[in-house]
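Visitor: The following block contains the structure, expressed as C-alpha cells.
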C-alpha cells in the first residue's frame, strides 16, 4: 500500500518508523493474546457450563445487567481522556487518578445500595450478595484506570496485551477450580473478581502514578471531555439495545431470536478484528493528533488495510448466508437469512467507520461526536419501529440507512481536519471494493451453474472456495504491488 510506506511530511523519519513499528507490533501482540485468550475462555465456558446449572447463570445474569450499566458510567471516560488529551500535566493526571479511585468507590457503594431493591425486583434473595461481590471489581478497577491509560498513551501495547492475557488465564483457572469444588454460581462471581484483581495488580507492578487532591478548576477541560465520552457511550448503549427491544415487542420472541442470531453472525468479523485494531489506533491517532499529514497517512492506510480484510468476509457472509444458515444451524433457523444478508453489508460499513470517530475525538471534535451520538440514539429507535413492518429485514435496514447518514457529519469534520478528499478515501477502498465485486459476480455464476442436485455442503464449499480464490486473484493481479507493500510493512513491523 502506498499510504503505508510513504513517510509523513510532518514527522521525522525516525518518529515515523517508531510509530509504524508500534502500530504493527501493537496489533500483532493484541491480536495474538486476545485470540489466544478467546480460545481459553471458550474452553473454560464449556467446562464450567457442564458443572453449573442454568439457574446459576440466570442469577449472575440478573446482577450482571445492573453491574454492566454501572460499569458503563463508572469509569467516566477517564482512561480515554488521558490518552486523547496529550497536554495534560502530571498534576492533572494525578488528580484524575484520585477521581478514578473515587468513582470506583462510588460505583461500589451505589451497587451495594441497589442490591436489596434489585433482589426485591427479581424476587430472589441471593441477588443481594452477588451484586455486592461483583461490585467489588469497581474498587480494583479504579486503581487501574489511570496507570493502564498511561501504558496505552506510551504505546506499550505488548505489556497491555500480556496483562489482559494474564487476567483471562487467572480468571479461567479460578473458575475451573471453583466449579470443580462445587461453588455453584459463586464460580462466575468470584472468578470475574479474581481476574479483575489480577489485572489491576499486574498493571500497578508495571506502571504507577501518584495521587493529588482534585481541583475542579484544573480538571475542567478533562472533565468536559470525559462527559462527552460518557454521553456518547450511553447513546451507543441505547442504539445497540433498541433494535432488540423493538424487535421483541413488535415482531415477537421468534423474530427476536432470528434477528439476534443474524446480528451475532454478521458482526463476528468486525468485533474480532476491530477489537484488536481499535485498541491500538486510538493511542496512535492521539500520538499524532497535531500532525495532519501523519493522521491522514495512518487513516488512509488503515482504511485500506481494514477494508481488504473485512470487506470480503462480510460480503462473503451476505453471498452464502442461505447455504451457511441451513448447513450449520438447520432449517429451523431459516428466518436468520433475510436480516443476515442486510446486516453483513452494514458490518462492512461499521468496520471502516470505527476510524473517523477516533480521529474526531482526538482533534477537538468531542462535542460534535457527543451530539451526533445523541441524535442517532433518538432517530435510530424511531426508524427501527417505522421499518419493523418489513420484519427483521426492516430492522436490519434501519442500521444501513441511519448510520451512514449520521456518519457524513463526522466524516466531513475529519476529512477537513486532516485534509482528506472524498476521492482519496474512495481510492483507499477501491482495492477491496473491486475484489468484492469480482467475487460477487463469480459466486453468482457458480450458484447458477451448479446442479440443483448437489448436496448443500458441496454447494457451500464451492461458493466459498470460488469467492475466496477470485478475491485473492483479483487483489494480487490488479493491486498486487499495493498488497505486497502492505505485507512488507507488516513483516518489517513484527521483525
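Residue positions begin at 1 at the first shown residue.
Including glycine, each Cβ sits where the backbone N, Cα and C put it.
Just so you know, TrEMBL annotations are computer predictions that nobody has curated.
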Visitor: Do you know which of 31-52, 185-206, 207-228 TrEMBL annotates as transmembrane segment?
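Guide: Of the candidate stretches, TrEMBL labels 185-206 as transmembrane segment.
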Visitor: Residues sitting near the transmembrane segment (298-321): Cβ under 8 Å, six or more positions beyond its termini, same chain?
Guide: 1, 3-4, 19, 23, 265-266, 269-270, 273, 277, 281, 284-285, 288, 336-337, 340-341, 344-345, 347-348, 351-352, 355-356, 359, 414, 418, 420, 424-425, 428-429, 431-433, 435-436, 439-440, 443-444, 460, 463-464, 467-468, 471, 475, 482-483, 486
Visitor: In the same chain, which residue numbers or ranges, 6 or more beyond the ends of the transmembrane segment (61-85), come under 8 angstroms Cβ to Cβ?
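Guide: Same-chain contacts beyond the ends: 93, 96, 99-100, 103-104, 106-107, 110-111, 114, 118, 122, 124, 127, 130-131, 134-135, 137-138, 141, 145-146, 148-150, 152-153, 189, 221-222, 225-230, 233-234, 237, 282-283, 286, 289, 361-362, 366.
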